[in-house]
Structure formats: C-alpha cells, structure tokens
Amino acid sequence: MLVMVTVVVFILNETSADRCKDFLGGVCRDTSTPCDGGRYHAGFCDGQANRQCCVHDTTGDSECKAILGVCQDISSPCTGGIYHEGLCTGPVHRQCCSRVKVTGTDHRCKEVSGVCQSKFNPCSGGYITGLCTGPSDRQCCVPDTESELHFFPGRVSRDCLGCICKLESGCSPTVCNTNDMGLESCGYFQINPIYWIDCGKPGKDWKSCARDIQCSSQCVQNYMTRNAREQRCSGTCEGYARKHNGGPGGCKNDSTFPYWNKLKSIPGCENI
Ligand SMILES: *[C@@H]1O[C@H](CO)[C@@H](O)[C@H](O)[C@H]1NC(C)=O
C-alpha cells in the first residue's frame, strides 16, 4: 500500500478524496457501510484505515488504473512501461501495463510457490499477507496442490497440466474472460465453447465442464489427442502448452512463445 500511495501522491499531489474519485471513480466512505455491489480499495482516502474508496468497477481492473495502467495480454508489447502482475482480473497472462514503477520484488511469495495478485481474485488455495509488493489488497495466492491430484490422466502429465492451470486461471474454477472477438473462456484451463466442441464435448455443457477440474482436464487431454498426428506437435509440455494457447497449429507458431515463456516463469514450472 505504501508504494502505491507514494506513487499516486507523487504523480498528482491531489487530496485523497480526489485520488479516490480521479483514479478509481469512487467515493471515500467508512467500510462499515456496504459498498453496494462494489468493493473497497485501501490507500486512496485520508483518515482512519477503515475509510476507503468505494468503487463500482464493472471490469475489476481499477487497481491497474490506479497506477495509470491498462490491462492487456502480456503477448502485446508494453511500450514505455513494464507489466505488473496481480492488478488485473482474468487469467494470469492478463497484466497491467504501466509506466509507473512499483519497486521491490515478490520473491517471498514465489518462494512459497505462490502468485501475487489481488486478494479479490479467486485462489484455489489461500492468501498469505505480507509477501507481495504493492497495495495491501495484493496478496500471495498459494494454490491448493490437492486439486492437482484430480486431473484427468492422459498424455499430458499432471505437472504440465498443473502449470497450464496456474497460468490460465491461478488454477481456479471461477475465472471467466472474454477475448477481443467476444468469445468467453472460463475455468481452470480457460476453455471456450469452440475448444470444448473440439475436445469432444465432455460433461454437461461447456461452462460447467470448464469449471470442473476432472471435466476440464479431460477436455485438455482429449484436445491434445485430436490432430496429434497431422500437426506433429512434440509430446512435451511445451508442445501441449503452446497448442493449448494457439490451437492445433500453435505448437509451431512463434506467437505462442510468450505464453510458453510465461509458463516457465511460474515457480515450479521452470524445468517442466
Ligand atoms: C500464428 O498465429 C497467429 C495468431 O494467432 C495467426 O494470426 C497466424 O495465422 C498463425 N500462423 C500460422 C502459420 O498458422
């Protein structure tokens, strides 16, 4: 929180009420009153700690906007700035491109195999405070390794599925995301309706399958089997991950390298 407040004050030198309004489009209130469908953000209002900025943010990206950033996929260049994790909703590769520097590192979170993100994002395990830089909402999500035990068996190893799952959603069932073309993808592996049809329509319907660990991992396993011979993707985690990201030809397409590199940066996935 300290870092963010310092940055914000430095940029505009505004009063706190204005910071809340201008950066987040919110109103300063006591957190004992409900924020009616919105949520409170600390560090944007004067006074006691329980006086916070109530924001009705339909996109959920207000923490990124608060450091003058834009949420986008990390495969796009962040011209003039750097990507910050944990300030955008959606999958882990959707991050905040901002010119503002947030100093420090998140290595303490990484040491416990966690990922720094907004504590309002779903986390299959639990949040630990004090291990991440940035605002106090930004906490260390340590995924529940139990859920990895329930992956559907097949050609993709459990470890590889675990890494794809962490990259796509923090290995959480509830995250949904809509791409540029309006196609919605949901759940552990960010499965969309087209992918679900291609994987043979396991389960009841695409969305409930996407949110079920067994069904969604079965869908990924099936998907990797389809077109396997024609596309000749390597039977490595790299081949599967890049195909998951870029479709049947994804393992041969340079456009999937940023995805693969990001996956390898996840703690425990370096040598997958
Ligand atoms: C590689 O991927 C990009 C982005 O998805 C796509 O536009 C392009 O057609 C692909 N190239 C090949 C050779 O498949």
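Cβ from N, Cα, C; glycine included.
What TrEMBL says about a protein is an automatic prediction, not a curated fact.
Matching TrEMBL disulfide entries to the candidates Cys71, Cys78, Cys237 identifies the partner of Cys160 as Cys237.
Per TrEMBL, the cysteine from Cys209, Cys215, Cys251 that shares a disulfide bond with Cys233 is Cys251. Among Cys171, Cys176, the cysteine that TrEMBL records as disulfide-bonded to Cys165 is Cys171. Reviewing Cys199, Cys209, the cysteine that TrEMBL connects to Cys215 via a disulfide bond turns out to be Cys209.
Of all the disulfide-bonded residues given, namely Cys165, Cys176, Cys233, Cys237, Cys251, the one with the smallest number of surrounding CB atoms inside 10 A is Cys176.
You'll find the Cα of Cys215 (disulfide bond) roughly 14 Å from the Cα of Cys171 (disulfide bond). According to DSSP, Cys199 (disulfide bond) is assigned to coil rather than to any helix or strand.
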